[in-house]
Amino acid sequence: MTDRVALRAGVPPFYVMDVWLAAAERQRTHGDLVNLSAGQPSAGAPEPVRAAAAAALHLNQLGYSVALGIPELRDAIAADYQRRHGITVEPDAVVITTGSSGGFLLAFLACFDAGDRVAMASPGYPCYRNILSALGCEVVEIPCGPQTRFQPTAQMLAEIDPPLRGVVVASPANPTGTVIPPEELAAIASWCDASDVRLISDEVYHGLVYQGAPQTSCAWQTSRNAVVVNSFSKYYAMTGWRLGWLLVPTVLRRAVDCLTGNFTICPPVLSQIAAVSAFTPEATAEADGNLASYAINRSLLLDGLRRIGIDRLAPTDGAFYVYADVSDFTSDSLAFCSKLLADTGVAIAPGIDFDTARGGSFVRISFAGPSGDIEEALRRIGSWLPSQ
């Protein structure tokens, strides 16, 4: 039997998942893990969602749904855009996906061919780069720094040559948490329309924005040619339910329907039924309560990092991460994070995951967990850093 592995499978790992594996082993062997490596909310799904799931299990009516998702959920999502953003979204434009990860795969397959040039910010979410590379696209990474809040601008896109076929933006962004101001997102969307470039707008962290940050906006407020990606994982704390959605332009809907029907048949039906209840006032109040907890954690982490000598931090407008410059201590963030875990039991994510050129000098620290974990992590890191 041949030992050949397809070339497209040779993408880099998502290093955060490797960190999680090492963290689990640390907990198994030492029992002292403090895990600040991933965007895993400590809160569970809202109570109305869990109650709806229990009722659906009791009825035992969990066969396939149509590929694009159950009508009740598509209706609820469409109505939520009117409430939150004041825009009218037809339920037919909403496509339910197997997490936002499944949504990105569908969007990239529907929008781009092998060889197409697709731009993204660096630092940025590594799975954009890795999925696009596996599909044969040419990924154009745009170095972004403090001058633009680690975000691309329409002017930066206009200066790229040869021309692009697509652009991926995220607001709030992972790993930095920065928000693209509404006027800049509108400028990016307008430039994409004028340049025949497909915009993919990652809005997974909408709802998680802190006081004083720019307001978040939806790409569809400017352009219905964009593909919007969102998820139940972050604001609604439903990571393991594997449910997300797309807003899809009319011209792409049949293609997305065919792709999802062939790939997954349908998203998880139990999750779909339960998620309808995420849009109740009770569930929204619970999710907003989580945001208040994250805000406390954010202050704890930002203040604590500065006290221990890590003070060059990306503006943490939203999401639940701090992207920190640790160049005073290392130029190899992967080795730095591995040693931190081995020496102290604290797990954080290496910046090399998010920026292949400059990420050796950065780390990402999540504050989605309990406040006590953040306080303990700061104590351990503060004791450990002077020896590095």
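Cβ from N, Cα, C; glycine included.
Note that the structure is a prediction, hence the values are computed from the model and not measured.
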Candidate set K234, K339, annotation N6-(pyridoxal phosphate)lysine, source Swiss-Prot, matching residue: K234
Chain-internal residues near K234 (N6-(pyridoxal phosphate)lysine), provided their CB is under 8 angstroms and they sit 6+ positions away: G39, P41, V204, Y205, G207, L208, A319, F320
